[in-house]
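Annotated features, as they stand in TrEMBL:
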- 64-149: domain 'RNase H type-1' (DOMAIN)
Amino acid sequence: MFYNTFHNDFSRGVYISLILKETAFQHRNIPDRPKEKKLLQQEWAPPPKDVLKFNVDSAMRADGGGGEILAIKYTLELFLESMWARKAELIIECDCKSVINWLLHPVSTPPEKVDILRPIVTTIVREKVVVKFAPRICNMKADELAKLALGAAPMQD
């Protein structure tokens, strides 16, 4: 596992933590669940072969999803500038339902978020990136690192 915590200067001193959970060389194939049994995922699941998975989270006070948006933007930039962009697909998981909804259904985006989300949505569509909601229980390490960077108490197991 690779952990990366960084300070993002252009976002008002926001700390964001990203975790690369798996690489193309560390994978396990997970069989798909039958569609009629759509259960809410309750634990982190590794990505399929040749897929990189980033779990993103941010710890900002009253930001309205802004931290997660910046974390997803940074993840896309990091991935596309890496050698993995030519070798693997990308999954981004986030525990902020509203941000995932805005990315998957741009017409639902609040007007004040449109300008920052438009290039992210364009990149996601162009690069065929999968973005999906992961409950906080599945995103514990990302949540913990984001809160540590901010100085908040991490969620307990």
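Heads up, the Cβ atoms here are built off N, Cα and C, so glycines get one too.
All TrEMBL annotations are machine predictions without curation.
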Three-state composition of the domain 'RNase H type-1' (64-149), taking helix and strand from DSSP: 60 helix, 10 strand, 16 coil
Model confidence over the domain 'RNase H type-1' (64-149) (mean pLDDT, whole number): 88
